[in-house]
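Visitor: Below you will find the structure I want to go over with you.
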There are 4 protein chains.
Amino acid sequence: MLPGFLTRAVELLLGKEGRSLHLKAAGGATAVLGVVMLLGSWAVVAAEHGARGANLTTYPKALWWSIETATTVGYGDFYPVTLWGRVVGSVVMVVGITTYGLVTAALATWFVGREQRRRHHLAHGAEELGEEAVRALHERFDRLERMVAGKGEDPGRR
Amino acid sequence: MLPGFLTRAVELLLGKEGRSLHLKAAGGATAVLGVVMLLGSWAVVAAEHGARGANLTTYPKALWWSIETATTVGYGDFYPVTLWGRVVGSVVMVVGITTYGLVTAALATWFVGREQRRRHHLAHGAEELGEEAVRALHERFDRLERMVAGKGEDPGRR
Amino acid sequence: MLPGFLTRAVELLLGKEGRSLHLKAAGGATAVLGVVMLLGSWAVVAAEHGARGANLTTYPKALWWSIETATTVGYGDFYPVTLWGRVVGSVVMVVGITTYGLVTAALATWFVGREQRRRHHLAHGAEELGEEAVRALHERFDRLERMVAGKGEDPGRR
Amino acid sequence: MLPGFLTRAVELLLGKEGRSLHLKAAGGATAVLGVVMLLGSWAVVAAEHGARGANLTTYPKALWWSIETATTVGYGDFYPVTLWGRVVGSVVMVVGITTYGLVTAALATWFVGREQRRRHHLAHGAEELGEEAVRALHERFDRLERMVAGKGEDPGRR
């Protein structure tokens, strides 16, 4: 199951103490995707080398192929024809769409957080009001106690 | 309407008592996608068998086709040409993008939940403060009652 | 600007009083996509009719083309070659990815809402606690007033 | 790292004071995508001009290519074959999927915000109740103080 494995891998990699895991995960996945594309381009050329009908014959062509594969455009001008070339292609595809999903989710989280912080200003104000209210009630008690104490000591003189 | 049907199907399948439906839904959809891809690869070869211009002729080719179809890359090196082959292809496409949407949504929910738990530490602290404040007010009442009771019983002696 | 126009169109179409706009929007967009695909398949055949090099010549082929276009797979076995055929294709693409984005966003919202409802049980409990606390403080006032009134009316008798 | 750079770029571009950054970002990205597609179509024709095997030879063809590239459909009827043509293509792909991710994230944020506003009506009501409760407690203090003061001044007369 991808997501369970993914969340654990991300937590292991980045630790739980980070302030904004979502931005770190999106940035990390983008970096991983870059490495996978660069290494995958080299690996696919090696895997396809000498195969009948192979079109991924040079590194520049393979780099362009990795870009159109990771973005899921897939024109079909280049594609792997060997088993290992297709394994490399599958990895580029899966890492590509996972990165894209992570970036979309991180953007949503960032947007939602901003919206809530804006609205929480109000809530935070209300919280401080609560502390203020409790302080005011204690002052009323202080005053009442002074009144009761004052009457008791000297009831008729005033 | 897909989403209504989907949410009900997911709830029926997994129950409502689960702690993190979104992770279960994403994991379940990924598992379903795996099964659809494995069975779809076999089904598309059976459907295409003997058709004029068919290129999905063997299981390994069909498996590669199902990967590039589910990730929506679609190079065009393999594609179904018969009615039932295309029905199988449509199922692989729809299950693929739905799974991808579920995983993206589950990641966003997981990220948002983490962010809110971090911020709720503060809110939770404020809540405990509230209980503490109410307890303090009751102690003031106790003290005041003792004062009033003490004065009343013996007003002049003190 | 797509999103502004989109949100307004969705609100106009569905009204603001709905309980779960996100599910209605996702369901509505899925229905609109279905209509666009059915009508688009017919329109693209009409547009391509008689054009040199046209491959979208029959309705069943065009229906398959609309599925692989809306899911952004795009094998390249069928594609429009005329201006109006490409306009139809562009509409199917844009409606397709917009629907997909709406469904992903609706799933995320549904998941986030579920998570928050689970956590708000606690918050709601705290709220009721607050009302309970205020009621208890009023009872203390009632008791204290009775004490003060009792002493005042008959200070020496007790 | 894309997201960090992206968030900073978006904040620089639009300022932090905006009311709904997510809608502005989605709208802005859609506008940027439109410009990138129009300029990219022109640039790719210029880059491909005279290259062996080039198929992106006219502006209308290139515009159609930019649409199927930005939506990641990629039929493969048109694709760049030169280095600079592929650089332009990569830019169109990356801006396309980033815009799409932004729009999806903005929709999710808008949906989540709507849902929370609906549920916060309750929370807001509770807040006002809190202010009301504090005011009521102060009135009880006023009354109690008048009672204590009244008894103290004239204990036996009543």
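One-based numbering along the chain as shown.
Glycine too: its Cβ is placed from the backbone N, Cα and C atoms.
As listed in TrEMBL for this protein:
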- B:36-111: domain 'Potassium channel' (DOMAIN)
- B:21-45: transmembrane segment (TRANSMEM)
- B:87-112: transmembrane segment (TRANSMEM)
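What does the local environment look like for each feature on the list?
Guide: With a threshold of 8 Å between CB atoms, the same-chain residues lying at least 6 positions outside the transmembrane segment (B:21-45) that come near it are 10-11, 13-14, 56-59, 62-63, 65-67, 70, 80, 84-85, 88-89, 91-92, 95-96, 98-99, 102-103, 105-107, 109-110.
Counting only same-chain residues 6+ beyond the ends of the transmembrane segment (B:87-112), those with a CB under 8 A from a CB of the stretch are 2, 6, 20, 22-23, 25-26, 29-30, 32-33, 36-37, 40, 43-44, 47, 66, 69-72, 79-80.
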Visitor: By DSSP assignment, list the helix, strand and coil residue numbers for the domain 'Potassium channel' (B:36-111), in that order.
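Guide: Grouping H, G, I as helix and E, B as strand yields 54 helix, 0 strand, 22 coil.
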